[in-house]
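Worksheet: one structure, shown below.
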Amino acid sequence: MFGLFGLWRTFDSVVFYLTLIVGLGGPVGNGLVLWNLGFRIKKGPFSIYLLHLAAADFLFLSCRVGFSVAQAALGAQDTLYFVLTFLWFAVGLWLLAAFSVERCLSDLFPACYQGCRPRHASAVLCALVWTPTLPAVPLPANACGLLRNSACPLVCPRYHVASVTWFLVLARVAWTAGVVLFVWVTCCSTRPRPRLYGIVLGALLLLFFCGLPSVFYWSLQPLLNFLLPVFSPLATLLACVNSSSKPLIYSGLGRQPGKREPLRSVLRRALGEGAELGARGQSLPMGLL
């Protein structure tokens, strides 16, 4: 019995410090992406999504690191920590779904997309993503007693079911758009495979393997804490990997082998020349994106 308890304590400590290490590196990478996309690269329709996605990941990782330090110092974890960190994770999920769907539509219907898409559609959609997500997480958390000591038995199930259903639908929409894009680019499209296509698929693979455990934990938190307590620290670690790895994907796809370049050039190449053309109001050459 004591051996199992000691083994669990060791495992929990190892995962905790791994999460802290990953979380410390993630804000640096996402901060560099934020700086370059926000101030050094002309904003195009897809770079705006990546800018907001980097902001959501930066906030998630910063909160995660701050709360981990507080947990280590105080020796206890408040449910408020999970609610606030999951809030920024949820914003990232919304943004990734919108980004994947728009990237898919731009490849399936390029002529219609270029002619009918409003110039500031990406900025408007990102603003619409942030606005409803901010209450979408705290409301069910408050009703179910995660933000206070008492729960509302009549209201909690309805809020929780609606929240869980919505997040699972978003994950499915993002993944479906990615699968359609993969099949189209691989089997049907005659144009060269774009780098931005790799960003979409890389982000969706991260979501599937590293992000969905957090959605499941949000959905089944009391049950998982009782039946599988190991799930919570692992889901937290994987969520940090999900948010920290996206800058590495951008860098890997945009960097030329054997050359040392500033991050601005790497990001511009990963996004494609169409990002700059779109920012000047010209038509988007979708084959370049």
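Glycine residues also receive a Cβ, built from the backbone N, Cα and C atoms like all the rest.
Relative to the membrane, I41 and G252 occupy the same side according to Swiss-Prot. At the 8 Å Cβ cutoff, the transmembrane segment (222-242) and the transmembrane segment (14-34) share at least 3 close pairs (sequence separation 6 or more) and count as touching.
Taking every recorded stretch in 14-34, 79-99, 121-141, 164-184, 196-216 and counting its Cβ pairs under 8 Å to the transmembrane segment (43-63), the highest total belongs to 79-99. Comparing 14-34, 79-99, 121-141, 196-216 for CB pairs under 8 angstroms to the transmembrane segment (164-184), the maximum falls on 196-216.
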